[in-house]
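Features as listed in Swiss-Prot:
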- Lys38: active site (ACT_SITE)
- Asn13, Ile14, Gly15, Lys16, Thr17, Val18, Asp55, Glu116, Gly117, Ile118, Gly119: ATP binding site (BINDING)
- Thr17, Asp55, Glu116: Mg(2+) binding site (BINDING)
Amino acid sequence: MKNCWFITGTDTNIGKTVSSIILLELARRYGYNTSGYKPIAAGCRTNDFKQYNSDAVLLRKFSTVKLSYQEVNPYLFIDPVCPFFTNEKNHMNVCMNKLSSGLQRLKKKSNWILIEGIGGLHTPFSNEFVMSDWIKKENLKTILVIGIKLGCINHAILTQKAILSSGLEFFGWIANYLLPTDTYNLTHIDILKKNMKSPYLGCIAYTPNIYNQIHHIPITIKLPLQN
């Protein structure tokens, strides 16, 4: 499947979910049958005696295809820590084949899929594999979300090297403004444009309560497509 995208970030809490939701909304506006996929999530809440991850709930909400929670998020860990740690603690193992079978189910229902990673590109899930191993196995096109703040240039360049050295396709990058005002936002982006080896897809302005406005706000990010 051509339009199947993997979102990774330079760090945690830098805008992977916001970027994912905006891209799902943009693909909806273009008329695609969209599915969001969060194969592994750490940190959950409980409602009506059911456990869920808030990022996965948002991906499900903004998918145009009707999906069960389990289809969006097959692996859910209670503690908001690295899955490798919770694997060891709870004697659980993340199976790469389960991640792949979940993706295959979504491919049968959708023609545009957005996969949101957990942590960073090399987040370990066991002694045998890290996130980038599965991305490569599935031949997914990678989009990097860069949270614009002090230190982001170094983080972005290091993550870019990790993407390329892992043999992944680096399709593009998104700048996410983490602060309402920052004198150096444009300076950061100008420097990133000179150092990134993939296209700049656009920026996301700092927008409080963005999820409540998503259907109405203008979106300036370019929709990643492959014909």
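From the backbone N, Cα and C atoms, a Cβ is placed for every residue, glycine too.
Taking the features listed in Swiss-Prot, we show where each one sits on the structure.
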{"residue": "Asn13", "record": "ATP binding site", "CB count, 10 Å": "9"}
{"residue": "Gly15", "record": "ATP binding site", "CB count, 10 Å": "23"}
{"residue": "Thr17", "record": "ATP binding site", "CB count, 10 Å": "22"}
{"residue": "Lys38", "record": "active site", "CB count, 10 Å": "27"}
{"residue": "Asp55", "record": "ATP binding site", "CB count, 10 Å": "22"}
{"residue": "Glu116", "record": "Mg(2+) binding site", "CB count, 10 Å": "29"}
{"residue": "Gly117", "record": "ATP binding site", "CB count, 10 Å": "23"}
{"residue": "Gly119", "record": "ATP binding site", "CB count, 10 Å": "21"}
Length of the line joining the Cα atoms of Gly119 (ATP binding site) and Lys38 (active site), in Å: 12
The residue listed as 'active site' and Glu116 (Mg(2+) binding site), distance between Cα atoms, whole Å: 5
Rounded inter-Cα distance in Å - Thr17 (ATP binding site), the residue listed as 'active site': 10
Cα-Cα distance linking Asp55 (ATP binding site) and Lys38 (active site), given in Å to the nearest integer: 8
Mg(2+) site, defined by Thr17, Asp55, Glu116: further same-chain residues with Cβ within 8 Å of the Cβ centre: Ile7, Lys16, Ser20, Ile21, Gly36, Lys38, Ala41, Ala56, Leu58, Leu59
For ATP, whose listed binding residues are Asn13, Ile14, Gly15, Lys16, Thr17, Val18, Asp55, Glu116, Gly117, Ile118, Gly119, the greatest C-alpha pairwise distance in Å: 15
